[in-house]
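**Q** Reproduced below are the annotations present in TrEMBL:
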type: ACT_SITE; residues: B:203; note: active site, proton donor
type: BINDING; residues: B:9, B:10, B:11, B:12, B:13, B:14, B:15, B:16; note: NADP(+) binding site
type: BINDING; residues: B:103; note: NADPH binding site
type: BINDING; residues: B:188; note: L-homoserine binding site
type: DOMAIN; residues: B:353-434; note: domain 'ACT'
């Protein structure tokens, strides 16, 4: 059979990893596909001497490569949302299939990109955009296709999970671990996307569309980072039997869909609570199969290339068939996407961990519990710690699920008490039971 | 578009579950496929009053249903390997696609069945045959298609895992928990397939073919059940930081492929060591993505139906395309399967947990460690317990990996020592590190 011709645009960690994987596993991949996969072009300002690029055309004109006749599939691994956007749209307009690892691009411009792809009869595959080598896109789009998906919760940023794991295991402060993560290459020099939850929000946007059949709506994701987490709260959570993880959560409710990224207490006996270091995991609750969990490496050259090349194999296996591929881009048929409302933060419902800094005198606890009780907020546990510096007492309260708007009012009332010395620390809590 | 016509043969737990799921999630499934899926026939001796079967033809002549014109896909959920075999072959010969949950049938007759399917240009899908609702077939066949898979290890029998979990958590004896599992409906009246590892060996046969691209070779799986495990060994394992799980393991080595089902000590901090109760999980080690793990419900009406209907959706999404489906039955192209040798037990390499029942006098330990040392077997840990009844001392030894033939000889020599009072208990140990 004719070899399938690939252009790899971007020769950084991921692009280089894809080149290497296609070469190293060429025999195994050909056994699976029945086709030879040939890299005809790489797009990069310079070659990489550590890669074998013999016989492959090298150019820094990425838009030009995306138009070439000897290209069936364009692999976009340059990142960003400007040149990447133009390259992907050009490839689509020239009838090329696209494989991309670019979550920011798809979360922000995916509706436009997938529409163009449908119109052009090509496919834009993006397994590598979420949770690296874990085939979670395929699982949601195909493996769980018989299910109505109720919710999903994922550790989908490895840098954040590494930081939280170190904070818990070694009692270290956030800034301290972040500096180490940067030194190790886990975190970027500008770590904003990772630690402020933006990267996770991009990925959650994609997962939520696939799970529920809704358009991509990155701008509606409630996003809270891990920069304000203290070692103190990590320790108190642990005393109460919980771990704090930075989760992306997408959940159906009667009122609409919750899309949120935030630090979350989860019971320590949940499998996902024990996913540590830079690993990723996604827990999916569906109406037929119940809970399933998918775990693995969410980043790095090998895992990301694994997902990119799996997408290439999927495309190759579909060659000779009609249309834009068996599986709709966003899991549901384009005309079957629903405009289910996405809830704003006030409308979301979760349980809470509250930490109060209270003066050590009688009556404070009665005042606080009175406020919660009048707001209809049920308390699951209270932990009062011994007196700290300045004579204050930390009081930790775990609540049952409550509407965020209700909790906001209650917290304002608690903070107005004269015996409360500092803003209330709040962290959301999810039981994640099936 | 034309509705897709389904015959469901077998109306037991799984067949009934599939009917119900197709009806309950009809809207969600149609949104994903763009087709209506219509059940035209059910094959069963009697209707089930708890199901809505209006407009569906009911017959107990399963072979006849498999030939009908108003059937595109035959779902075989009758089980067994006699009538099921004939039904599947008849369906194939009449140009119907087949979806089956029948691991015994495929493990024993799969080579013949897939060959017939290739010849007839139809597809035999079997996601439900392994690990219930966990889409592990799709993961191996498609999600990890870029990888050379090195090994996999799975908890793929829920009944066995339930029994081991109860033994560990409550210190109960095997027979005691088995009786409860039977009362709860987790175990059959004749539990042989579950507790002797035959069911797991069927599933491992399928997983190994998909992972390595080898023909199905059920008869070559080394299979050991959990019936001889004692609460004592479960406890000692735990003292040493291990859990005992009944694993199906498929592993490439330079000499060939190991296929084995047996109780296995694994480090307690591995995620898979914390998969409890009737849940299933499969850990896959591949050369690009590294370790990934897939977890969920391995049995029951909902999870099994989830996998069956996912296969139906896959087939429907492929309709209008040529040939027998995008993805080869056994993950690799039929002409690319390798006849890599399957090793026999003597040729396999694992670490070991050994429990010796020794007389309490000096010199015994020196004799035992001398035998191991002369055989080139390295010791990782020794645990000597206090004196038991009859004045004997249990001695637990953890070894490093060693060829099984070597260990057999060493154990024979140890048992020949006059101070060793009972046969050596041996349980294999795997570190499962990536």
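Cβ atoms here come from the backbone N, Cα and C positions, even for glycine.
Small disclaimer: the values here were computed from a predicted structure and weren't measured.
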**Q** Near the Cβ of residue B:11 (NADP(+) binding site), how many other Cβ atoms are there if near means within 10 Å?
**A** 23
**Q** Taking 8 Å from the centroid of the Cβ atoms of B:9, B:10, B:11, B:12, B:13, B:14, B:15, B:16 as the cut-off, which other residues in that chain fall inside it around the NADP(+) site?
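**A** Going along the sequence, the neighbours come out as B:8, B:17, B:18, B:44, B:77, B:78.
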**Q** Let me know the model's mean pLDDT on the domain 'ACT' (B:353-434).
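**A** Mean pLDDT, the domain 'ACT' (B:353-434): 94.
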**Q** Out of the recorded positions B:103, B:188, B:203, give me the one sitting nearest to residue B:12 (NADP(+) binding site) by CA distance.
**A** B:188
**Q** Under the DSSP assignment, what numbers of helix, strand and coil residues are found in the domain 'ACT' (B:353-434)?
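**A** Going by DSSP assignments, the domain 'ACT' (B:353-434) contains 26 helix, 29 strand, 27 coil.
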**Q** According to DSSP, folded down to helix, strand and coil, what is residue B:11 (NADP(+) binding site)?
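**A** Reduced to three states, the DSSP call for residue B:11 (NADP(+) binding site) is coil.
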**Q** Cα distance, the residue listed as 'L-homoserine binding site' to residue B:13 (NADP(+) binding site), nearest Å?
**A** 13
**Q** Residue B:14 (NADP(+) binding site) to residue B:203 (active site, proton donor): how many Å between their Cα atoms?
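**A** Answer for this pair: 17 Å between alpha carbons.
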**Q** Could you give the Cα-Cα distance between the residue listed as 'L-homoserine binding site' and residue B:11 (NADP(+) binding site), in whole Å?
**A** 18
**Q** Pull out the binding-site residues from the set B:9, B:10, B:11, B:15, B:16, B:103 whose C-alpha sits within 10 Å of the C-alpha of residue B:203 (active site, proton donor).
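**A** Of B:9, B:10, B:11, B:15, B:16, B:103, within range: B:103.
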**Q** Drop a 10 Å sphere on every Cβ of the binding-site residues B:10, B:12, B:15 and tell me which sphere holds the fewest other Cβ atoms.
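**A** Among the binding-site residues B:10, B:12, B:15, the sparsest Cβ neighbourhood within 10 Å belongs to B:12.
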**Q** Rounded to a whole number, how many Å is the Cα of residue B:103 (NADPH binding site) away from the Cα of residue B:15 (NADP(+) binding site)?
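**A** Given the Cα positions, residue B:103 (NADPH binding site) is 15 Å from residue B:15 (NADP(+) binding site).
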